[in-house]
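A quick write-up on the structure given underneath.
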């Protein structure tokens, strides 16, 4: 059933997997996140300064890119679990990702793909006087941007699961290896983000947009080569057939037998294959649980079912339990959507804040687009100190051998995210009042020399802490709790929550803009392009209130959840 095999589907005889194989996989994830964050931080500026699109529409376009790349991860998880396996899914979609990055690089390199840049200074940009991009130019850019998003959708749900597959479940140190793997995995994500926010930004400033996007394509190409070089070392799990088909069979069978009583004289018992092996390839048997009793009807074996029943009428207990597990998991990743909303808003709104602030660090002036590197640096620091500092402290408090359970880590992350967005609201009120007092209201892209951008580090570092605890805990939780033959779909839940967070952020932005602004009366919205006339502080307080409500919903859901 769940025995690992080599790339040809044969039982593994030689020693494979382990940390060496995992490090080849880390390289692929590092390059993917470098490209992901490199596009997210640079694309808004590229659309505004080069394609001459309004800042708000540029932000929404990037939010949609981020949302699609994560929300469609369910498709990648489905293909991996059903037909391709995780290795081939990663191999195919990294190639698609590379094609998208190449197309974006050509757009930034060849002058025909961008509007005329002559007579377009900063003042003309603010007044909207620059020649806008032609429809076909934006179509070209959006096409390759979404090809890149589609490529990311296949990689994201598979890489963490494929890396975790490299460790032997029979090993006495399996739990410890898995715990450390997910921390190292997120460390590779963070390194990719740090490179995107520093090196790629530097390349863009020194050599132009084409070189910046080209560096992302080159990094992705190199990581693909490294991933394929590690092929002989990898352990694989056999795909178990279409999980959606199995889910549909359970729902149809349960509906068809909805009126059949459990105490009927025709009731034989709950149906399961005899012997050790499950009917689902790549899965061990799962014992029956009392949850979602209405689904048990699908495994209700009656005399009328006969000796060779249709799977659309009678399902095994393991198949029914798979569906139950998927349903029981939903509330936990759903509660992380709000954290992803905050992360998405910080990625764009805090950059607008930084444009009005002094980014000098001594004699060194950091570009505004480098500011999101600080959450990455805080994540890097926390993950480096996690086992030497945090685990011993939390172990004394909780008594848990790993310092905190997976759900406790998610809860800590959500609580810290509330502090982060609350501080953002407090500082934004101070920043806005300072701008009004010193007459910077109209010149909102001019930095105020006596107000440092490094006050933003507090919200950045807090959201970094929140991300470490919440996302790493969630990934480990989903991998361990998901059914054997649905590990990729389990991991896709986390990416789906991230994607929905991006879409929810766009929806909230649109609602706030329409509800708080009145162009006819000259009243700016809370999210006005001129940050000094807007009310970003009110918006951050709204996010704080939503985060508090979300936290209490999570506490209730986590309290009710029973680990497998």
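Heads up, residue numbers simply count up from 1 along the chain you see.
Heads up, the Cβ atoms here are built off N, Cα and C, so glycines get one too.
The following features are taken from TrEMBL:
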TRANSMEM  34-52  transmembrane segment
TRANSMEM  64-84  transmembrane segment
TRANSMEM  91-114  transmembrane segment
TRANSMEM  144-164  transmembrane segment
TRANSMEM  184-203  transmembrane segment
TRANSMEM  209-229  transmembrane segment
TRANSMEM  329-351  transmembrane segment
TRANSMEM  371-389  transmembrane segment
TRANSMEM  410-427  transmembrane segment
TRANSMEM  454-479  transmembrane segment
TRANSMEM  491-512  transmembrane segment
TRANSMEM  538-558  transmembrane segment
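Each of 34-52, 91-114, 184-203, 454-479, 538-558 was scored by its Cβ pairs under 8 Å to the transmembrane segment (209-229), and the highest score goes to 91-114. Counting residues 6+ beyond its ends, the transmembrane segment (91-114) has Cβ neighbours under 8 Å at 28, 32, 35, 39, 46, 50-51, 76, 84, 133, 137, 140-141, 143-155, 208-210, 212-214, 216-217, 220-221, 223-224, 227-228 in the same chain. Beyond the transmembrane segment (538-558), the same-chain residues lying 6 or more positions past its ends with a Cβ under 8 Å from any Cβ of the stretch are 331-332, 335, 337-339, 341-342, 345, 349, 407, 410-411, 414-415, 417-418, 421-422, 424-425, 428, 508, 512, 516, 526-527. Annotation: stretch 34-52 has the most Cβ pairs under 8 Å to the transmembrane segment (184-203), among 34-52, 144-164, 329-351, 410-427.
Contact between the transmembrane segment (371-389) and the transmembrane segment (454-479) is present: at least three CB pairs lie under 8 Å, with pairs separated by 6 or more positions in sequence. For the transmembrane segment (64-84), the neighbouring stretch richest in Cβ pairs under 8 Å, chosen from 34-52, 144-164, 329-351, 410-427, 454-479, is 144-164. Stretch with the largest number of CB pairs closer than 8 A to the transmembrane segment (410-427), among 144-164, 329-351, 454-479: 454-479.
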